[in-house]
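J.: Okay, handing you the structure first.
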Amino acid sequence: MDRSKRNSIAGFPPRVERLEEFEGGGGGDGNTVQVGRVSSSSYRAIISAFSRLTSLDDFTREKIGSGFFSEVFKVRHRASGQVMALKMNTLSSNRANLLKEMQLMNRLSHPNILRFMGVCVHQGQLHALTEYINSGNLEQLLDSNLYLPWTVRVKLAYDIAVGLSYLHFKGIFHRDLTSKNCLIKRDENGYSAVVADFGLAEKIPDASIGSEKLAVVGSPFWMAPEVLRDEPYNEKADVFSYGIILCEIIARIQADPDYLPRTENFGLDYDAFQHMVGDCPSDFLQLTFNCCNMDPKLRPSFEEIGKTLEEIMSRLQEEELERDRKLQPTAKGLLEKVPGGKRLSSLDDKIPHKSPRPRRTIWLSRSQSDIFSRKPPRTVNVLDPYYQPRDGATHTPKVNPFSARQDLKGGKVKFFDLPSKSVISLVFDLDAPGPGTVSLADCQEPLAPSSRRWRSLPGSPEFLHQACPFVGCEESLSDGPPPRLSSLKYRVREIPPFRTSALSATSAHEAMDCSNPQEENGFVPRPKGTSPCSGAASEEMEVEEERPRRAPVHFSISGISLQTQGEQDG
């Protein structure tokens with residue numbers, strides 16, 4: 001589908017058609033739109049946009065998966081027949097992360113990033129509609145009995161790398177990169193991978209200005225050691241997570257330390273793992289070890305990873321062509337010996353020549369060649385200063401460092417945090433053009449204590465509401481009336497179309513680069529002198545403190561709050 005039409009589902013006009021109406025249309029000065037101010041025509045446009053959101057009743061649905069925060073359905077629009085995926089939030093305390101994820105996905109445009117299609121309303125909550133990916137996730141593919149040659153595996157690794165390279169280029173890193181969050185698409189061209197689930201994504205910290213230390217978030221088996229130790233971390237944490245995914249791809253095993261050997265300091269046990277890789281290309285294994293380096297500074301960037309994988313793919317394809325050329329004369333000779341020129345049919349014809357999926361034990365194998373293609377371990381250069389191999393002479397038992405720490409619960413948890421003010425602001429206050437001011441304290445109640453805290457979820461999605469004492473705890477953080485609190489908690493910025501803007505040097509540094517997808521969708525930058533709608537929250541808080549706030553416009557749907565002047569006066 002054309003990305004410019006992704007918000008046109010279920011009767012939605014394309015975003016380009018709604019742009020002029022949102023920016024003011026015929027009311028006031030069309031060249032200046034201030035943050036926190038909206039003309040009557042703009043307000044009517046917002047009301048119209050909300051009234052035209054699709055309802056869950058507009059779709060037929062089939063559940064295809066579930067996770068810690070949400071359930072995923074394959075849905076078909078009753079009127080248009082369009083097939084999409086619906087991600088329904090199931091955890092009230094994760095609502096802010098879901099809104100942030102929808103905003104971020106709406107700004108991204110890349111073939112290896114899950115495409116955002118629109119929004120669905122159900123029981124007062126917003127849920128994301130995305131493109132439907134037809135072959136599940138990477139973990140499911142690797143756990144299947146399907147034969148995956150090295151060319152396919154390296155191609156999947158390349159797809160994930162270029163998707164993450166694009167994300168990092170935009171100034172954002174994932175923080176929850178796992179094989180579960182890499183979706184697999186299958187078409188006439190074969191397999192391809194798409195990166196999804198950006199609910200924990202964060203702005204890449206700037207070490208030069210001493211950014212706030214980020215919270216511990218993610219899925220423990222894939223989390224970088226520095227994250228697990230609650231140390232400062234950056235986008236190189238994604239590279240370590242990617243390295244664990246490469247281990248899964250190479251050995252076709254789970255990331256669980258019961259299968260994937262780890263060290264006591266949460267690193268990869270290189271020596272033990274290289275006995276599990278079969279005939280893996282040595283340069284592919286070397287890249288995997290580089291990504292899993294305990295020292296973040298020694299890990300490659302995704303741009304470098306992509307270039308390396310391109311070279312590996314090119315070499316593997318050349319070797320495959322050469323092998324086919326050598327097999328052609330042999331096959332031709334066999335056909336000539338068969339009466340009537342019929343092709344020989346044998347068991348060998350049905351078994352792949354080489355299946356790069358050896359296992360420690362035969363019962364884990366998925367084909368005959370898995371059993372008999374084991375090769376002796378090769379020598380790989382390990383440049384990890386923190387690597388502590390197990391002593392094979394003393395038969396040291398396999399290590400599961402995630403069982404040694406009580407807070408990690410054996411790795412069967414997921415850590416999450418409220419969105420920080422440095423990534424994408426979730427507060428959108430529209431001021432009515434009337435007299436009178438309202439203080440910030442009167443309009444907004446705190447979401448959480450000043451210090452940011454990380455939280456963990458139990459391993460079983462079915463156990464969420466019973467085992468999470470903090471579910472719904474945000475509703476009790478304030479003594480205000482529940483209706484008012486719920487409307488103020490999850491106010492969202494930029495439900496209307498996103499636009500580029502002429503940012504100052506400071507705001508340009510804070511804001512995420514999203515010019516390419518917007519230009520692709522037909523948007524143009526604002527005229528000079530206009531204020532951005534999507535600046536960093538820290539900058540917007542300064543603006544709010546410097547100028548008096550007018551009565552907020554109130555319109556509440558799915559936890560999104562806009563408050564009208566008439567309601568305030570009444």
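Note: Cβ is positioned from N, Cα and C throughout, glycine not excepted.
Okay, these came from Swiss-Prot:
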ACT_SITE  Asp176  active site, proton acceptor
BINDING   Ile64, Gly65, Ser66, Gly67, Phe68, Phe69, Ser70, Glu71, Val72, Lys87  ATP binding site
COMPBIAS  558-570  compositional bias 'Polar residues'
DOMAIN    58-313  domain 'Protein kinase'
MOD_RES   Ser219  phosphoserine
MOD_RES   Ser369  phosphoserine
MOD_RES   Ser456  phosphoserine
MOD_RES   Ser460  phosphoserine
REGION    513-570  region 'Disordered'
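Surface or core, plus neighbours and distances: that's what I need for these features.
T.: Look at Asp176 (active site, proton acceptor): DSSP puts it in coil.
Of all Cβ atoms in the shown protein chains, 22 besides its own fall within 10 Å of the Cβ of Phe68 (ATP binding site).
On the 0 to 100 pLDDT scale, the domain 'Protein kinase' (58-313) averages 92 in the predicted structure.
Look at Ser219 (phosphoserine): DSSP puts it in coil.
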J.: For a quick check of understanding: among the recorded positions Ser66, Ser70, Ser219, which residue's Cβ has the most other Cβ atoms within 10 Å?
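T.: Highest number of other Cβ atoms within 10 Å: Ser219.
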J.: Say we define neighbours as other CB atoms within 10 Å of the CB. Which of the binding-site residues Ile64, Val72 has the fewest?
T.: Ile64
J.: If one measures from the C-alpha of Ser70 (ATP binding site) to the C-alpha of Asp176 (active site, proton acceptor), what distance in angstrom results, rounded to a whole number?
T.: 15
J.: Just counting, how many other CB atoms are there within 10 A of the CB of Asp176 (active site, proton acceptor)?
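T.: Asp176 (active site, proton acceptor) is surrounded by 22 other Cβ atoms within 10 Å.
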J.: Within 10 Å of Asp176 (active site, proton acceptor) by C-alpha distance: pick out those among the recorded positions Ser66, Phe68, Ser219, and say none if nothing qualifies.
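T.: Checking each Cα against Asp176 (active site, proton acceptor), the hits are Ser219.
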J.: Distance between Phe68 (ATP binding site) and Ser219 (phosphoserine) at the Cα atoms, whole Å?
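T.: Distance (Cα to Cα, whole Å): 10 Å.
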